[in-house]
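Heads up, the thing below is written out as structure tokens.
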Amino acid sequence: MTKRTLYELQAENVRKTYLFIVLFSLILFAVGYFFVWYFNWGITGIIFLAIFIVLYNWIAYEQSDKIALTSVGAVPADPEKFYVLHNIVEEVALAAGVPKPKVYVMNEPQPNAFATGKDPKHASICVTTGLLQMMNREELQGVIAHEMSHIRNRDILLMTVVAIVAGLIILLRDVFLRSMWWGIGGERRRDKNDNLGIILLLIGLILSIIAPIVVLIIRSAISRQREYLADATGAYIVRDPYGLASALEKIGNYTRPMRTASSATAHMFISNPFGKVEYLFATHPPIEERIKRLKSLTI
């Protein structure tokens, strides 16, 4: 396997992010054009569709981190109440050579964490209250180092944009299914041709089947190797693979799913937020294998 430098990995993540944006814009235009045609909105509809796509891409690039944090109910971690967490984040950021990210906490008993943002200067790390309660200092440091690796490697923009894209794909599926179920545009359908109702029905059914598959394909770009790389890089940052290994062992033993778990954002977390439940869109490598690899590292 050809070894790549950190800068090459960062450049690859940026390229993939832009590729996702372009491909998704084409998909969105195709779906939107069907609505424009079906409701006979003409050139006005096409103009509004183009504006929507541009606006959505801007939101995905500039505001996706805020959307991700809001979607899980994350709040800024008070520096006095969570002074140990802030101290660890600052230490690890210094060791990783990146600016200290903003620190967030989500009220969730499952031990977990994720990083988000468009670049290291605009990054955030979020941990659950369950993680803070369950981990000792070395274990928490290992988890933070893992997330800091995603920030340093510029994984965060790609992961966050994919989450927003996946969320909209699921939303589009639901819109079609509701349109099919409630017969939105019924008068227009009867005025045009009854066959259009059949077309809408087929599109809704097809989307309901392929939307999760599209999500899976998109998220497959968030390779499992990225998690292995972040594990190893994090261990080297803090010069200790055993803290993260111990943390992953505790995380793996917690079997209850996250209350706010979503298939759109699952890949962002350090561990599968659905717990031990096997589901179609799993993006994380087995925790047992991650622990094994960490313990085999020589630092």
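Cβ atoms are placed via backbone N, Cα and C, with glycine included.
Annotated Zn(2+) binding in Swiss-Prot involves His146, His150 plus, out of the candidates Glu62, Glu80, Glu90, Glu227, the residue Glu227. Cβ proximity to the Zn(2+) site centre (mean Cβ of His146, His150, Glu227, cutoff 8 Å) flags the following additional same-chain residues: Ala115, Glu147, Ser149, Asp155, Arg226, Leu229, Ala230, Asp231, Thr233, Gly234, Ile270.
Highest local Cβ density among the recorded positions Glu147, Glu227 belongs to Glu147, counted as other Cβ atoms within 10 Å over all protein chains shown. His150 (Zn(2+) binding site): 28 other CB atoms within 10 A of its CB, across all protein chains.
Taking all protein chains in view, 29 other C-beta atoms sit within 10 angstroms of the C-beta of His146 (Zn(2+) binding site). Here the Cα atom of Glu147 (active site) is found 10 Å from that of Glu227 (Zn(2+) binding site).
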